[in-house]
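The structure appears below as structure tokens.
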Amino acid sequence: MAHKSDLIADDILGYLKAQEEKSLLLFITCGSVDDGKSTLIGRLLWDSKLIFEDQLAALESDSRKVGTQGGEIDFALLLDGLQAEREQGITIDVAYRFFSTDKRKFIVADTPGHEQYTRNMATGASTADVAVILIDARKGILTQTRRHSFITSLLGIKHIVLAVNKMDLIDYDQSKFDEIVAAYQEFAAQLNYSSITAIPLSALRGDNMIEASANTPWYSGPTLLAHLETVQVEQDAINKPFRLPVQWVNRPNLDFRGFSGTVSSGRVKPGDEIVVTASGQTSKVKDIVTFDGNLDEAIAGQAITLTLEDEIDISRGDVLAPVDAKPDFADQFEARIIWMHEDHLLPGRPYIIKMGGQVTNAQISDLKYKVNVNTLEHVAGKTLELNEVGIANISTDKALAFDPYDDNRHSGRFIIIDRFTNATVGAGMVNHSLRRATNIKWQEMDINKGARAYQKGQKSVVLWFTGLSGAGKSTVANLVEKKLHALGKHTYTLDGDNVRHGLNKDLGFTDADRVENIRRVGETAKLFVDAGVITLVSFISPFRSERQLARSLVEKDEFIEVFIDTPLEVCEQRDVKGLYKKARAGEIANFTGISSPYERPENAEIVVNTTDQSAEEAAEQIVAKLEEFGVLGAWYPDI
Amino acid sequence: MQPNLTHLRQLEAESIHIIREVAASFERPVMLYSIGKDSSVLLHLARKAFYPAPPPFPLIHVDTTWKFREMIEFRDRMAAEYGFDLIVHINQDGVERGIGPFTHGSSLHTDVMKTESLKQALNKYKFDAAFGGARRDEEKARAKERVFSFRTETHRWDPKNQRPELWDIYNARINKGESIRAFPISNWTELDIWQYIYLEQIPIVPLYYSAKRPVVERDGMLIMVDDDRMPLNPGEKPEMKSVRFRTLGCYPLTGAVESEAATLPDIIQEMLLTRSSERQGRMIDHDQAGSMEKKKQEGYF
């Protein structure tokens, strides 16, 4: 048992030497309070003597006050951290517990088991190598058992301990134990585990926890602690190809340029040939630099700094890999996603994806299906709500370097961040890339955007007209295009209504469809800009976030927002298409200005007031502004 | 076969990863330097993280003016030896009001000279990330603390609204005025800290080692008479006892333990054979149940 070693008293130096050789294991416990989960962890802490006298005194008094064991020590009370949770008698977050034996140090992620805490369990499982799945021997495999197993396998845990608890309450009946184990193995066949170790237990009585129980003579396997002390997990990462996600470029002076990061998998030696995934540049490892001296070899898990033989361009977010075993490099991939926020996922909406040191804007472009976490059934769905799991295609603004998560658990994992609230709203694991960008480089054309625009004697930009329905967007845009055409400029107009007849005719007016509508128009405008054309877009685009999305697709100085600022009363009075009348009569839902808001632009490049000036005057004002912005003059780009 | 990493090497690598992430993700990080053993380990890890460069951030010590004299000597010696950029902040407003633990009690003193003072310092220098040496094993409220712990513009911590943290990917996005506290040694236990100090021979304040020191017994705690600001009650007389400290803070609020442990192995041995948790020596926890959680919500580390 833990720290029982007489070495502490007799030979502390010998003890310390032995302690230096200990390894570390992270595991998660899955189950509910009813399964005896807190009791199980409490007993492990207790038996490893990590409960101190003062904590014991507090535990004894708490057990008398609020315990559930009739005044006897209630181990579960050791674990509930936050006051509010103690009062509710339930743990609602991820808590980390620590204990150690002479062989290993353990970190236990303790998470609640109810369905509404799926995100907490996923969080705890993300760093765990082993999952202890608790089963009440009286009840056998329940819905929650399947859910817990699914979540742990989703997060890539390969080693399972099936802790069949409360054996004392079924008289240590072997046949019942065997039945549960057989049923579990049949279910778990679809979950991609490498090992399942089933142990008959009573956490409360201590059977097979630390010492083999006399009550289960028919069981010849390891005790829970013996298994946790010996299960091998470390080689999993070391045997994968070398990956070093660069966190930090270390440049104390002109003579030293190092690339710092933690080896996420594999091993590396000086002389190894490496490639920078994104740029394809190669070099050889010169030294592996650490505070404790240069290393002959570094393995997965070590935080190191590499210097290279050649001066090549590497920055934070780059992934270094062996030349012959590169990761995927793609801007589109399929991933499984766990949604972790009350605001549900909106396909098409821009989010931020953070994958190691790689950060990029991304859209979940297509939710293929959801997975029912209790039954593992595939369900159709347009969105993911809190605690739901789904399979989706994701497209990113920048290509990312990754391995499929199932091939390498230390790669291909990411968090999803809301661009506006900065909340972590989801987490994902890459299934596979959708385009083999590994082998396809962006084709750099000799004739580029700058060359095309130069030939036309202009700078290509997007003129984005926004304003209420009837504000005069199309009228003004039409006049602007005529004036530009007369000046010999090359133009094209994308009109909101017209686009809905063709490119976007499959889209309706739900939030998700509006976002997709804007995205397609924005992408189309981007292509026209690339072709060197001054592109006019006339779109109500009532939401700031939508306009921001369109703006983010092109270069900073290529987006000119034109706000046609016509008051609602004036638009409604004009009512050219008779739409306001219908909207007032309730015949049109979500009509901007009437039943749906219009968010005024705050920093539009051009603001046009059509109440004080004619459409003709407005068009002149806009052309004058374009002149001022250098769009119309001879422009000397970097060809 | 290559030997796997030991638990201390794994903990070390995890901490270095976190320290590098913070340095790479924030504009103005700072390391809170409390001079205690955890801070010594944190500083050591920061030096490792950026070697051969020095850590790319300053250290700040929030001085309550009631720290043990040996702590201040140690702080200044380390700053000179390692050449780190040290900022010392004292709440001058508190000094002018004459706030002290003897006159105003531990709770008000800690509020004004530590919690308030820390917020003052963070605001003054506009730090957007502050490293702390808190560990999850110290106290129940800390078992659920994140590694990147988000703080509002007023430095409040909301335990109900924490960002999920998966793998080793930390969400570093904040709005202007908001900040994070980063805890690189979250997953270390007290025993890990001592073993690591021993293994790496990290210098620590001599107060951790047993020596004859003048103490008086108050409310069951042995308080060291570190200077003449300590008023003695009638009949109280400082006695020279062999004592040491398991945790360091303001001398009037920090209980000593009687001990003969004068070397690191002695300390570790004593720790493993005696059974009381280290925070017991801190008066701040005794004020009320759940007091640490309250203090944390208000901005205490």
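Note that Cβ sites are derived from N, Cα and C of the backbone, with glycine treated the same way.
Annotation comment: TrEMBL describes A:22-236 as domain 'Tr-type G'. Annotated GTP binding site per TrEMBL: A:31-38, A:110-114, A:165-168, in sequence order. What TrEMBL lists as ATP binding site is A:GLY467, A:LEU468, A:SER469, A:GLY470, A:ALA471, A:GLY472, A:LYS473, A:SER474. Under the heading active site, phosphoserine intermediate, TrEMBL lists A:SER541.
For A:GLY472 (ATP binding site), the spatially nearest entry among the binding-site residues A:ASP34, A:THR111, A:HIS114, A:MET167 is A:HIS114, judged by CA separation. Mean pLDDT of the predicted structure over the domain 'Tr-type G' (A:22-236): 84. Here the candidates are the recorded positions A:GLY467, A:GLY470, A:ALA471, A:LYS473, A:SER541, and by Cα distance the one nearest A:HIS114 (GTP binding site) turns out to be A:SER541. Considering only the recorded positions A:SER469, A:ALA471, A:LYS473, A:SER541, the residue whose Cα is spatially closest to the Cα of A:MET167 (GTP binding site) is A:SER541.
Using a 10 Å radius centred on the Cβ of A:GLY467 (ATP binding site) and all shown protein chains, the other Cβ atoms total 28. In this structure, A:LYS473 (ATP binding site) is part of a helix by DSSP. Excluding A:GLY467, A:LEU468, A:SER469, A:GLY470, A:ALA471, A:GLY472, A:LYS473, A:SER474 themselves, the residues of that chain whose CB lies within 8 A of the CB mean position for the ATP site are, in sequence, A:ILE540, A:ILE564, A:THR566, A:CYS571. In the structure shown, across all protein chains, A:THR111 is the one of the binding-site residues A:THR111, A:SER469, A:SER474 with the greatest number of other Cβ atoms within 10 Å. Closest to A:ALA471 (ATP binding site) in space, going by CA atoms and restricting to the binding-site residues A:GLY31, A:ASP34, A:LYS37, A:THR111, is A:THR111. Looking only at the recorded positions A:GLY31, A:LYS37, A:THR111, A:SER541, the one with its C-alpha closest to A:LEU468 (ATP binding site) is A:SER541. Taken residue by residue with DSSP, A:LEU468 (ATP binding site) is part of neither helix nor strand, so it is coil.
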